[in-house]
C-alpha cells in the first residue's frame with residue numbers, strides 16, 4: 001500500500017508539472033491586513049500567500065524525495081513496474097528494459113533534487129523581493145505583542161490538512177477531464193521518441209493502455225489517504241477522513 005501511495009504522489013507531481021500552473025492554488029480566507037496609507041497592501045498579501053504555498057510545497061516535496069530515496073522503496077517500485085510489464089505480453093521484454101534503464105536515472109535525479117528548485121519549477125516558489133516595511137506610527141503606548149497569523153505559520157493547525165485534501169481534490173478533478181486525459185496521452189506519445197527503435201510500439205502501448213492507467217490513477221488517489229501518508233493530516237485520531245470527491249473547508253480557485 002505504501003508503494004501505491006508513493007507512486008500516487010509521484011504521479012500527482014508529474015501531472016501538476018504538465019497540466020497546471022500551481023500558482024493558481026490560492027486560499028480564499030487569506031488574512032486581510034490593516035490598511036496603511038502609502039503602503040502596498042495587495043503586494044504584501046500576495047507575497048505572504050506565495051511564501052505560505054512555497055513552504056507547503058517544499059515540505060511535501062522533501063517528504064516525497066526522502067521516501068523515494070529509500071532502497072526498499074525503489075526496489076518495490078521497480079518490481080511493481082515489472083509486474084505491470086507482464087500484462088504487455090509480447091512487449092514484456094522491451095518494457096522491462098525501459099524500466100531497468102530509466103528507473104535508476106529517475107531515482108538519481110530525485111536524490112539530487114532540492115525541494116525549493118522543484119517548487120520553483122512548478123511555480124509555487126517565486127523569488128521576489130520582500131515588501132518594504134510599513135512606516136511605524138508614532139505612539140506613546142507600549143507596543144503590543146504580535147498576534148499569530150496563519151499566513152506566517154502555515155504548517156500548524158488544520159490548515160495544512162485542508163490544503164492537502166483540496167490539492168488532491170483539484171488534481172482528481174483535472175484528471176477526470178477528458179481534455180486533460182488527451183493532453184497527457186499526447187505528451188506520452190511525444191515522449192516515445194526516447195525509445196528510438198521501439199517508438200512505434202511505445203506509441204501503440206500509450207494509446208492502448210494510457211487511458212486505462214489514468215483511470216486506475218484516479219481510483220488509486222480516491223482510495224489512498226495521501227495526506228496522512230505525507231503527515232499533512234493526523235492519522236492517529238478518531239476523525240472522519242474528508243473524501244476526495246468533494247471540496248473541503250479551505251476553498252481554492254479553479255486550476
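Quick reminder: no glycine exception, Cβ is built from N, Cα and C everywhere.
Heads up, TrEMBL stuff is auto-annotated, nobody curated it.
Predicted, not measured: the structure shown is a model, and the values here were computed from it.
As annotated in TrEMBL, region 'Disordered' covers the listed stretch 130-151 rather than the other ranges in 108-129, 130-151, 152-173.
Per-class residue totals from DSSP over the domain 'Saposin B-type' (50-129), listed helix then strand then coil: 68 helix, 0 strand, 12 coil.
Here the domain 'Saposin B-type' (50-129) has a mean pLDDT of 81 out of 100.
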